[in-house]
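Here's the structure we're looking at; comments come further down.
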Amino acid sequence: MELEVLRKDIIVNQKKGLPFIIASIIIWGLITLVTTLNATIQLQNLLIFCCSCPLLPLSWLVGKWLKVDIFSKENPLSQLGFLVTCNQLIYLLIVMWVYSALPAKMLMVYAMVFGAHLLPYSWLYKSKIYLVFSIFIPILALVLGHVASMTSFGLVMVVVEFIFAVLLEIELKKS
């Protein structure tokens, strides 16, 4: 298959990764709940890491609801999308370092990594929304990390992810 045909196919069949973005709304909701706990920053940060664990099962469930097989192997570009996601795991090493060296800034760096990892999807899904949010989220995280409480930060991220999902759905309908 030609590259452009593969890209069009993955845009339609994977719905531009919408199951993952919707699942991330839930993840950021869980993170926000963790920040309200009466616990040390170290424990909160550890629990924030744990909040990421259900991303794949949540994405799978959302995918079922949206009729998207997130594990489809029919299109070789699906493997590229998975590889790009795995790349984020390497960046989480930086977040782990911040966890021990500067615990008060871990959520900020976590959000920056989350946002920045979206950039390659702007190419894969031919998406201006991914491009904008891959730049906007890290910048927003940098600002919020210096001026907002962790709970406010989490709430803002829930709203941002919701807006991201809505705009992605609109973009998907146009393509």
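From the backbone N, Cα and C atoms, a Cβ is placed for every residue, glycine too.
Here is what TrEMBL records for this protein:
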{"type": "TRANSMEM", "residues": "20-40", "note": "transmembrane segment"}
{"type": "TRANSMEM", "residues": "46-68", "note": "transmembrane segment"}
{"type": "TRANSMEM", "residues": "80-100", "note": "transmembrane segment"}
{"type": "TRANSMEM", "residues": "106-124", "note": "transmembrane segment"}
{"type": "TRANSMEM", "residues": "129-147", "note": "transmembrane segment"}
{"type": "TRANSMEM", "residues": "153-172", "note": "transmembrane segment"}
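Counted as Cβ pairs under 8 Å, contacts with the transmembrane segment (153-172) are highest for 20-40 among 20-40, 46-68, 106-124, 129-147. Outside the transmembrane segment (129-147), and at least 6 residues removed from its termini, the chain residues within Cβ reach (under 8 Å) are 16, 105, 107-109, 111-112, 114-119, 121-122, 153, 156, 160, 164, 167-168, 171.
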